[in-house]
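Novice: Next up is a structure, given as C-alpha cells.
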C-alpha cells in the first residue's frame, strides 16, 4: 500500500508527537510526552517493501529524532531535580548557619526552673559517650587499615592469644605500640565490657517484647470493639433532645474554663462554651483566669461581660494567690459556695471548642448510673495537617484515644483523665479528695484516686472536641516533659494508697504494672537505652550484639499498628518511627526527673497556642446567621485564608455593626488595642531564632559515628538504622521540624 500524502504533497505524521512548551528561553517544560512504541521503529513488511530506500532512511531518522527528544527532555527533568536538591541543601545550610550564629540553645532557656548543674548532668553523660565513640572509631579505622579487621564475632581470639604468647616467649620480639594497645583493648572489651552490655541489651529486649505484646493486645481489643460494634449506650429516654422546656434530663452543670496568659484563644473558647445547648437556668460557666498580665486579664474580663450582656450565665474569677498551677485554680473554683447546687462539672482548656450539643451527648450517660464518675470525650485537632510535627503528633494521639482509652474504657471502666473535654460527677470528685497540687498531672491524679474509690469511667469515641496541637518543637518538647514527668511523681506518691486500697488484686496489678510501670516507665526507658545507647555501643563492642529483628522488624511492626487509627498518615510511617525514637531522650529525661524528684519535675510551662479556628466553625457561623445576615464572600474568604481567630478576622458584620457570634466577639477597648499594637511592633523588631538542642545534637553525632563504625563490620541493617536515626536527631537538634521562626 502506497503511503498517504496530504494536498501539499508531504507524508502524514507518523509516530509519537512530542510537544514542547517554551514560555521563555530560560523556562521551558514538556507538556505531552509519550514513549515511542515498537511501531515507530519497526514498520510492517509491506510498508517497508513499498518504500524506497530513501524514504525508509527518512522514517528511521524521524524516529531517531523523537527518541533524542525523549532522552533530552528526561535529562532536563533529572537536571531540574538535582537543581532543586542543591537548592534545598543550600537553604538547609543557611538555616544551620543562622542557628549556630544565634547561639540560642536549650541551656539558655530562662523559663526553666531547674538547677543548671542538674540540668546539664544528663547532657554530660551523653557527651562522654560521644567522645568515647569518636576515640574508638579512630582506633577501629586504624586497625582496619593495619589488617586487624575481623568479620567474625569471636575476633579470632586464638590469634591474639598466640600473638601475646609469642611476645612473652621472645621478649626481644618487637611489637608495635598500636598492636599492643589494640590487643589489650580487645581483651578488655571481651572480658569486662561485652558481658554487662549484652546483659543490659537482653533485658531491654525483654522489656521491648513485653511492651510490644501489650500494644498488640490493645490493638486486638480495638479490632474486637470495631467488629462487634461495642460502645457505651445511654439509658433509653435519658433526654428529650427535642424538648426545650426542661422536661428532659437537664441536671445542674458547672462549666469551667481554666486559662493562664492565653490571649490567642480566650475568645473562641469562651464563645464556644457560651453556645452550648443547655437551659441557661441549669448552666453556669466559670472563666478561671490565672493570667499575670494585666492586659490579658482586662481583655478576658471584658469578653465575659459582653457575653453576660447577651444573656449567658457566665462569671469571671481571678485568684489573688496563684499557687498550684491548674490544680490550684480548679480547687479554688470548686470551693465556691454555689458549687453545692450543681451535680456535674465539665472542664475545657483554653484552646478547646466544644460543639453546641456536647452536653446533650455526654451528660445522659450519668442517668440511672450512680457508679459512673467520668464521661470523657475524644479530642480532634484543627491543625493536624499544619506541618510534619503536627502530623506525627496526630498519629500518637489517634492511637491513644481510639485504642488505649477506648479499649480500657470498655473492658476496664478505667483510663487516665485527659484534663479537659470531660464531664465529672461532683460527688466523685469530692469523695476522691478533690483536686490536689502534689503533681503536674492533676488529671491523672484524680482519675487514679477515683478508680481506687470504685468509680467507673466511660470514654466516648464518637464525641469529639476540637483543640490545637503544638506547632513548634520547643512547645511540644515542654509539653511532653510534663506529660512524662508527672506520672512518675504520681506513682511515687500514690503507690502506698494503691497497695492499701480495697479494689481487687487484678485491678491493683493493672494500675501498678500496666498503667504506670509498663506504659509510663518502661516505654521511655527501653526506647532511649536500647536504640540510643546500647545499639551504638554494640558497634564498638561487637561481642555484644542486637539481632536485626530487634532493630528493624519489630519496631516497624509496632509503628504499623500505631498508625492504623490514622490511615491517612501511612506515608509518614518511617518519619514517625524515627521521630518517636528521637523524642525518647526528652521522655527519658522527664521520667528520671519525675522518678527522683529533680528540679524540672515540678516545672509547668503553658503550651503555646496559635489561636486557630476550624473551617467547620466558620461554616456553622454562616449557617447560624439569618438569611439577611449571611457572611459576605469577602468575609468568608478572609477568614478561610487566615485560619486564625484573631481580632477582626472573625468579626461578622450585621448591618454595618459587629455581631457577637460563637467565638468571635471582640473587646472594643481602644487603649488596650493600641498597647497591644505597640507591643507587637516592639516584638517584631527583635530578631528571633529557633533554638539548638544540645542533647539531640550530641546523640545525632553519636549515632552517626556508630554508623561509620558499622561500615567497617559490614552490618547492613544496623548501618541504615543508625544513619537515618542520626539524621533524625540532627534535624530535631537544629530545630528544623515544626514551626519555623525567621
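Glycine too: its Cβ is placed from the backbone N, Cα and C atoms.
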Novice: Can you identify, from 616-651, 652-687, 688-723, the stretch that TrEMBL calls region 'Disordered'?
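Specialist: Feature region 'Disordered' in TrEMBL: residues 616-651.
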Novice: If TrEMBL is the reference, give me the range from 172-198, 199-225, 226-252 marked as transmembrane segment.
Specialist: 199-225
Novice: Kindly point out the range from 110-127, 128-145, 146-163, 254-271 that TrEMBL annotates with transmembrane segment.
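Specialist: Spelled out, TrEMBL records transmembrane segment over residues 128-145, not the other listed ranges.
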Novice: Summarise the model's confidence over the domain 'Glycosyltransferase 2-like' (345-538) as a mean pLDDT value.
Specialist: 94
Novice: Out of 199-225, 511-540, 692-711, 717-737, which stretch has the largest tally of CB pairs under 8 angstroms to the transmembrane segment (128-145)?
Specialist: 692-711
Novice: Find the member of 199-225, 692-711, 717-737 that has more C-beta pairs under 8 Å to the transmembrane segment (511-540) than any other listed stretch.
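Specialist: By the under-8 Å Cβ criterion, the transmembrane segment (511-540) pairs most with 199-225.
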Novice: Below 8 angstroms Cβ to Cβ, which residues of this chain, lying six or more residues outside the transmembrane segment (717-737), approach it?
Specialist: 92, 95-96, 99, 387-389, 473-474, 531, 535-536, 538-539, 546, 548, 551-552, 574-575, 578-579, 581-582, 690-704, 706-707, 710-711
Novice: Can you work out which residues elsewhere in the same chain, 6+ from the ends of the transmembrane segment (692-711), have a Cβ less than 8 Å from its Cβ atoms?
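Specialist: Distal contacts: 99-100, 102, 104-107, 122-123, 126-127, 129-130, 133-134, 136-137, 140, 473, 477, 532, 535-537, 539-540, 582, 585, 589, 718-719, 722-723, 725-730, 732-735.
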